[in-house]
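What TrEMBL says about this protein:
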- B:37-55: transmembrane segment (TRANSMEM)
- B:67-87: transmembrane segment (TRANSMEM)
- B:93-111: transmembrane segment (TRANSMEM)
- B:118-138: transmembrane segment (TRANSMEM)
- B:144-165: transmembrane segment (TRANSMEM)
- B:186-208: transmembrane segment (TRANSMEM)
- B:220-240: transmembrane segment (TRANSMEM)
- B:350-369: transmembrane segment (TRANSMEM)
Amino acid sequence: MMAVLSKSDRPLIELDQVGKQFGSVVALKDITFAARPGTVHCLLGDNGAGKSTLIKILSGVHQPTAGEMRIDGEPIVLTSPRQALDKGIATVFQDLAMIPLMSITRNFFLGREPTRGRFLLRRIDMRHADEIVYEQLSQMGINVRDPQQAVGTLSGGERQCVAIARAVYHGARILILDEPTSALGVHQASIVLRYIAQARERGIGVIFITHNIHHAYPIADMFTLLNRGKAHGTFAKSEISEAEVLDLMAGRRDLKHLDAELARPAPQA
Amino acid sequence: MTHDLASDPAAAAVSAQNARARRRGGFAARMLRRPELGAFGATIFVFLFFAVTAGDSGLFSVLGITNFLQVSAQLGILSAAVALLMIGGEFDLSLGSMIGFAGIIIGICVVQFGLPIWLSVIITFLVAIVIGALNGLLVTRTRLPSFIVTLASYFVLRGLSLVVTRMLTGRTQIPYITKDTTEGTFVSLFAGKFGRGFFTWLGHMGWIDLRPDGLPVVQGLPMSVAWWIGLTALATWILVRTRFGNWIFAVGGDIGAARNVGVPVERVKIMLFIGTACAATLFATIQVLEAGSADVLRGTQKEFEAVIAAVIGGNLLTGGYGSAIGAMFGSLIFGTVQMGIFYTGVDNDWFMVFLGLMVLVAVLFNNYVRRKATEAR
């Protein structure tokens, strides 16, 4: 664990015993973890573990009902996704916030269009925007034929990459990725993972949220396990194997039980 | 966040490849992706059709052309604004009632209150802005479908026009609005003609007929045509070149996604409703100043005609895709067919039949184009 810490700076974002209640329902309780620049921090949890609630707290959609959130060491309550963005926290949701009928460039700069000219002649600098999109996507090894083509024409992996590239380009310091590879095939997923590694090299802190350890283990530096709304410890990769993570996640007994249940006597020769 | 391409030969290679691809996927590919392509084709078809069936009936004489351009232009003013609203994912059924209402306000201001016409028109536009904003606020605040909200304002506005007019004048029409006016210049801005010099020259060259007094039979195009072209150009500029245009596509395409990336979706929708209310008011101003009178029943069914023109022009009913130029072609088809049927002597009732079928074909075609546009290549 110390090895990871020494190569990182202080945490960009910290949760300290954060909890969230909806009425009498406790969705999250005592969540404590910190994301550091240049690190991929994997939040692992099964369905219903509280991943979605946690993402929404991190991205400013929900506000915690207990505990404290800190950005750059300063306590903060994020009140809107816009405020989170301004603080450099960009969330790539599963639906990607991409509009299929709009062009790649228009999607890439949606809400932050570069303009030229003044007053009535103020317009989107489309040529400049196209060039940036080329450049950014080429660096990821994605060869788009034309940045003016509709996003709907891209494959799932390409769309994921465009969504991540958009967040990175617009100055994300913390990148929250919600199941970025779950819907992808092996090849597409590897492109996305390679790009996440690139983002890490640039010093971006990545929070990788998934229910499937196989998607995150190759790239994650740290793991925080969630189960039924609680955090079950944070581990550095050197401390824990994939199998151990899996065990902790599912609850050891469950899997043993399943093994026994599914086991069949070897077929008679 | 810029990166040096030269430092990464692989990236530079991909980039060069992209540049080549950009040149290859040139003009033709771009044109095929345009939403107004279908409407453009249909316009040519309609012109050819009437050139064959009504070629010698006078539809394509100067007078005939002026006629169908005027019909198209008035509808086109509406459909340009409606196209933007539809791309933004909403409807405005109150459009036709707004036309009647706006005409009545102009009439009352001039005839009852004795205000100058220019001031009356400005007041009417201010009222339109308020009504449009109300429509927009109701839609965004209540999250009801705009179909329902504007259905309500459709009745409220038409009813208010009747109530107010009858209360103040005892009738449902307001005549003599431009009688004895000294504001000739202002009136001609909406109800005048442009291109007089050009038409006089055409007359001198003998290309169009002259009346006994030496003036050409058509002395200019109605100002509504100029407004039509101007508004379409403005709407197109907004749509494809400005940030606001980008946001219109976004709120119509996926409102949740637009909100997530920080687009002010409420403001965009309210502006679009103000746009349609103002287009209705411009339409009313032109009609009132051309006819010199206002009538509470003006603008009946225009809300549907404008939607039809926009849909024929390639605008999706579900929002997120379309163009103002498409709406212009849609209006041109509408006007040409309406006048064409008149000139060919076919029973005018067939126009509605044609219109219904045309809408059906247009929607099917639009859906096909949309599927093509988002197909993975």
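Cβ coordinates come from backbone N, Cα and C, glycine included.
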Sequence-remote partners of the transmembrane segment (B:144-165) [C-beta within less than 8 Å, at least six residues beyond its ends]: 90-94, 96-98, 100-101, 104, 107-108, 131, 134-135, 138, 171-174, 273, 296, 303
Same-chain residue ranges lying at least 6 outside the transmembrane segment (B:37-55) that approach it to Cβ under 8 Å: 31, 312-314, 326, 329-330, 332-333, 336-337, 340, 343-344, 362, 365-366, 369
Under an 8 Å Cβ to Cβ limit, what residues of the same chain, 6 or more beyond the ends of the transmembrane segment (B:186-208), are close to it? 62, 117-118, 121, 178, 215-227, 282, 285-286, 289-290
Do any residues, 6 or more residues outside the transmembrane segment (B:93-111), come within under 8 Å Cβ-to-Cβ of it, and if so which ones? 78, 82, 117, 119-121, 123-124, 127-128, 131, 135, 147, 150-151, 153-158, 160-161, 164-165, 168-169, 174, 176-177, 276-277, 279-281, 283-285, 287-288, 293-304, 306
